[in-house]
Structures are given as C-alpha cells and as structure tokens.
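**Q** Positions annotated as domain 'Phosphofructokinase' by TrEMBL: A:7-321. Look at TrEMBL and you will find A:G14 tagged as diphosphate binding site. Under the heading Mg(2+) binding site, TrEMBL lists A:N109. Sequence annotations record features per position, and here TrEMBL assigns site 'Important for catalytic activity and substrate specificity' to A:D110. Look at TrEMBL and you will find A:D139 tagged as active site, proton acceptor.
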Number of protein chains: 2
Amino acid sequence: MSLNGNVVVAQGGGPTAVINESLVGVVLESRKFAQINRVYGALGGVRGIINEDFLDLTQETTHNLEEVAKTPSSALLSTRDKPDEKYCKEIFDVFKAHNVRYFFYIGGNDSVGTVDIVNRYAKTSGYDFRAIHIPKTIDNDIVLTDHTPGFGSAAKFVAQSFIGLNLDNRALPGIHIGVVMGRNSGFLTAASVLAKKYPDDGPHLIYMPERHFCIDSFVSDVKQMYDKYGRCVVAVSEGIADENGVPIAQKLGSTERDAHGNLMLSQTDLGELLVGHIKRTINTERVRSDTFGYLQRSFGLCISEVDQYEAREAGEKAAQFSIWHDRDGSISLSRIGDYAINYKLQRLEDVANRIKVMDDSFISSAGNHVTEEFKNYIRPLVGSGLRDGQRLIAPPVEKLLNR
Amino acid sequence: MSLNGNVVVAQGGGPTAVINESLVGVVLESRKFAQINRVYGALGGVRGIINEDFLDLTQETTHNLEEVAKTPSSALLSTRDKPDEKYCKEIFDVFKAHNVRYFFYIGGNDSVGTVDIVNRYAKTSGYDFRAIHIPKTIDNDIVLTDHTPGFGSAAKFVAQSFIGLNLDNRALPGIHIGVVMGRNSGFLTAASVLAKKYPDDGPHLIYMPERHFCIDSFVSDVKQMYDKYGRCVVAVSEGIADENGVPIAQKLGSTERDAHGNLMLSQTDLGELLVGHIKRTINTERVRSDTFGYLQRSFGLCISEVDQYEAREAGEKAAQFSIWHDRDGSISLSRIGDYAINYKLQRLEDVANRIKVMDDSFISSAGNHVTEEFKNYIRPLVGSGLRDGQRLIAPPVEKLLNR
C-alpha cells in the first residue's frame, strides 16, 4: 500500500515547447488517486519549495490545465539552483510541514542530479518519500532513454528553419551557416538533415560536437560544395571544438583579424566568426549566418504531436510508477519497432551526472554529415506536418537568341 | 481589345513566405485568357530574361502549382540586379523574340523601380506592352498600399517568436533583446506587440527606426521595466540609428570595451552589443539576445492565411488589370472597414523609389512602444492561429513555516 500525503511537482532548467504537457500529465494523473490529498506546484523549481511558494493545482480547472499543457516554457517557472546538503534540509523541512510524500521534478541533466540528491537525503533521514525525475531537454542528451521529451519539437523547429534557409539560399545563392543549440551533443544540429528533400538541397554539411572541428577541413568542405552546387548551406552546433577541446568561437575570436587588419578581440558569435573566416579564404560574395538561439526551444507553432503526447505520458507514468508502485527513478522512453514507446523507470544514480552524445553510427565517416540510420532514428520524433518545399517541374523554353 | 502574345512572370529581391502565391495567381489567371498563348517563368528575376532562362509554366500541372504556392521563397529564384538602359535593351530583344506582351514582376522597392524602367523603355521604343508590379516585402515599406503581401506572415513569425521569448524570460527571468529585420521601417519589429497577452507580458519595450535611438534612454527604459517586472523583454529593429543617422551597431561597436577593457573592434552583432552595454550599466546577471535573421522570411509553419490569399489575389488581379483592362501599374491593397481588401492599381512612378515608414499614430509618444491604433492595424494581417500562452490560475497554498 502506497503512501498517503501530498504531491509536489516542479520544473527546473531551460524550458521546452512541451514541458507543460509533463506537468499536466502529473497533475491530472495524481488527482485520480485516493491517497493523494493535494497536488502542489512549486513556483521556480526547488527554489519555490524552500520558499514555500506553492500553487494548489488540485483547484486548477481541467480546461485551463489543457491550455497550459499546449503552452511552451515552464508554467511553474524555473531555476538553475542545484541543492546542496543544507538546501536539502530546508526542502525537507517544508515537505514535512506540508506532508509531501511524492516529488516530481521535470528537468534535464541538472534536475535528475537534484532528484537523486533529494531522494538520498530522504532515505538517510528516514523520511518515507518517493521522488521521480521526468526528463525534458531540447538537446536530447540524457542517458538510458531513446530520446527526451522536448527534443522532437525543437528538432522540428530546426528542420523547418533549414527548409526555409535552403529555399532562401537557392533563390539568392551563397553560403549560409545556421548555428544550432547543443554544447556537447549534436542531435539538434543533426535534425537539420530533415530539410533535405531534393538531392541538391541543404544542409550540405552538418558539424556536430561529437567530432573535432578542423577549420581547414571546414573551409575545404564548404568550397567543394560551393563548387558543386553554386551554393552551400551548413548546419553547425554551437558546441564545436578543436582536438584540444578549445571552442571554435574562442579560437577564431582570438586569432582572426577584421577587414582592416585589426585583431578581433571580443567577437563571440560563432556564426559571424565562421562567415568572416570563409570570406577571407573563399572568393565569394554572399556569406551569411543565423544563430537560432532561444527561438528553437519555445516556438508554439512548430510542436511535434509525438513529442507532445510522449511528454504527457511521461508525466502520467511518473505518477503511476510512484503512487501505484511505490518506486523512485527517472522516466525513460524505450523504442519499440518503427515506432512505439514503452515507458520505464531508470535508477536515478544511473542517469545523474552523465551526458548522452550521438552514436557513431549516426555520424558520417567524414564527420561532416549524418547517416541514413540517424534519419530513421529522428523521423518519428518530429511527428507530422513538417512543411517541405515543392519545386516547379515545367519544361524549359527553347532559346531563340542564344546569346 | 487587349494584346495577343505571351506572358513573362518573374520574382526579384529577398523572398517571403507567400511570394509563390502571387506567382501562382498570375499563372493560373493568365492561362484562362484566349489572348495568351504561353506563360513563361523567368529563372532568377530580370537576369533570367536576358539569359532566356524561361520555364513554360503553361505546361505546369495545377496540383504542382498549388504545392509551389504553399512553399516559401521564390520558386523562380531571384536576383538583386537593377537594369540600366543597356540591360533594358537586352530584355526587349528577348521579349520581342518571344512575343512577350505582358510582364509581371513580383518584388519589393527595387523591383517596382525595375518595372517602371522597363515600362518606360517599352513606351519610348514603341513596343506595345503591359507591365505590372506585384508587391511583396516582409518589411511592409511600399507606399500607397495599406500593407504588402509577405508582411503578415513575417509579422506572425515575429509575434510567435516573442510569445516564446516572453514565456522563456518569465520562467528564467532576466533581460532579453530580440533583433528584428527592417532597416528603415519598424512595422515588423512593432508586430512583436501581438505577443502581449497578460499585462506584464513582454515585449516591454519596442524600438523602431522611425525614432532616433538614444542609448542612455534605452538603458534607463530597460532599468525601469526590470525594476517593475523583475525582467524585461525588448524588441529592437536592426535599423535603429542615432539622431545623426549613425547605426547603433556601428556606434556601440566602435566605442565599447569588453570585460578586459579591450576595445571591441569588429563586433557587428547589434543584439550582443546592446547586451554588452546593458551588462556594463545595469547590475543584473542574465542578459541575452536573439537575432531573428533569415528565419523570419521563409518559415513554412507560421504563415498567415490572410497574407496567403491576399498574395494570391494580388497575382490574379495583376493578370486581370493588364490582360482585360490593358493597364500598367503597381498592385495596391486598400483596406475597407475591419476588415476587407480592395485591389487597386497605382502608377509605377508614384510607387518607385519611395519607402513607407510607420505613421506617427502607430508609435507611442515616448517612442519606445506602439499604440492601440497599430494593434488594430496589424491584427487582421497575421490571420488566425497565433498560439498564445496560458498561465496557471490555481490559488497559492498557505505557508506553514513562513521562514
């Protein structure tokens, strides 16, 4: 028989487009259990717990919860706090005062560490308590899960953006570099491959942080594509670094000179640094870059419906695992065939403090593109509705002047 | 009785999300007329004409045309060429050889100038010929029209992006600056106002190039909002300049120093320059910027259906005005009530070489936001489906510890 008491749910770290689906999954499912008296939402992650900043989500209307579910970014607000021993004590002073017996924390790598710490504290202090981490990231860098809720929608945004950049670059040819989020893992950058429809579509090159970035090879790759297609679209992860782990932005920023020969001292924008370097080494006119930035994690009109229902189910399963089955852990998504998902529970200590990177089988041997295997991996995650481009197919007209 | 002959349609300048709707409007409507033998598409704007690079769009399937219509960016490819006298002569050598009697050019400010030049050349050289400019821009800076096809979809992208940035900024508070396209006209930046739902939503400040940008006032505005809301979202047009017309990026880039006191010599990114300036003058931790860049003009999943059908109708009316009514000119959209559109034809010389900026009645008296009048102006243009955010409304829980 599971514990009687109250639930606290909170959200930590950077937002995603579907993070509130998990929140609403926890709330609606928890409210069904007779053991649960109240479902509280902590405002601002773990910070909201020690401040006793709770909303009584038991009193939230179902319609409003469904509207909030469709809203990107953390409805309960967020924090970057990582609790230490003293912080944990304060958390449990509050949990005890409010008879909180279930804690659900929706977050990324930092958040699973937080749940692990909190749960260990509960065990050593003898407080009967269940804690579940519900994964969310746009980077897809959590281990022991096929993928993470939040990734599919961000990937859809990246793919749709590259569809547009490719069409734009085809109409007004040149070299275009799109810089995508992802410090250590290239999944999101790699998602740009879904923009390729016709054989000559971009991205023609994809650089992920899983491979050392060599500036000379990059220039030579770009030149080769530009010679072949008369244009070149490049997807670059913000996290690319050289063989010594030095970020490329830092490397180029500290050594490059501007058009007047002045040392560039404080330029930090990776895209513009790469543009500058190409302009100095390849004889071409039109070189541009875009840094996707924060748009990619909270754009409400480019959400994957698969990502959406998986985020919801992850929240529901979290409530079921803990309240029915009395278990702690981190929710994982296990892929079945092509394509279904089975939700499992991983041990917190197996997930905390680890970062998932792209499998070797996902990256082309030259290290500047992805494989067919990766395409099959990512395609179901972005759901339906990606709007690709269609070209005119009419025949050319015979030239009469032929000048 | 109108001229018998062939049609050439082409696209010039930067792409929009709905520019192919106008193309398809011209093609489908022109194909209905008995006087029209063939409808040719010139590849790469006026450059495609002098190269005789034509597709025979009379042989394009209707289904494919409808698919192309929904595809952002110029399906006929584009050019930045501006014809001079010699260029015009080459154009008419080709037009005469192919018996082209109707020319439709879909483009922005440069393109209406091109149509005007080509049309004058036809008249002075005695070639019987009709030429129509079909407006498209994302900047909305063409005169004598209520607005320009292409603007509504870009505006919708900007609004949806600020909805996301505002939600993101609310979850993890700080100062966030979004830099929007528009060198001379602030319409697209002003569209960010549609992101405001709750009274404390961003953008809290909007800076348009129609007003001189004073860096000290900017810092003081941001500080005031930050003190009031604990956060601040700012929309800034890329074209902002000081009272002498000096671009702010140039001004800040030439005078600012980095954290080590080094002069920043080559930094050109306006958003990051403003971030740097705020960090040095306001005591706060989290200051970020996003530059929307090329994403805003070719994003296929954020298209205004109003913009879409208006772009289509502008193309259809172009064919009707010239083939039925034997007229030259530039298509304009005239607003009726709230909200319908009447399509008219303006004289090319009245539209060419002019730039529309925001009316004074659209800009707040402090010059750092927009008015209710602007909101009423823009709301119908972005169509339906903007996905706003919904907040939790549950009551707070009584604090038991009250530390």
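Heads up, the Cβ atoms here are built off N, Cα and C, so glycines get one too.
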**Q** Express the predicted model's confidence over the domain 'Phosphofructokinase' (A:7-321) as a mean pLDDT, rounded to an integer.
**A** 94
**Q** Could you measure between A:G14 (diphosphate binding site) and the residue listed as 'Mg(2+) binding site' for me? Cα positions, answer in whole angstrom.
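**A** Answer for this pair: 11 Å between alpha carbons.
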**Q** I'd like to know which of the recorded positions A:D110, A:D139 has the most other Cβ atoms within 10 Å of its Cβ.
**A** A:D139
**Q** Provide the list of recorded positions among A:N109, A:D110, A:D139 whose C-beta sits under 8 Å from chain B at the C-beta level, in sequence order; use 'none' for an empty result.
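**A** In terms of proximity to chain B, the recorded positions that count are none, since no Cβ is under 8 Å.
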**Q** Can you tell me how far the Cα of A:D139 (active site, proton acceptor) sits from the Cα of the residue listed as 'Mg(2+) binding site', in Å?
**A** 10
**Q** Please list, in sequence order, the residues in the chain of A:N109 (Mg(2+) binding site) that are at least six apart in sequence and whose C-beta is under 8 Å away from its C-beta.
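**A** The answer is A:T137, A:D141, A:I142, A:A352, A:N353, A:R354, A:I355.
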**Q** Please work out the number of neighbouring Cβ atoms within 10 Å of the Cβ of the residue listed as 'diphosphate binding site', leaving out its own Cβ.
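**A** That number is 24.
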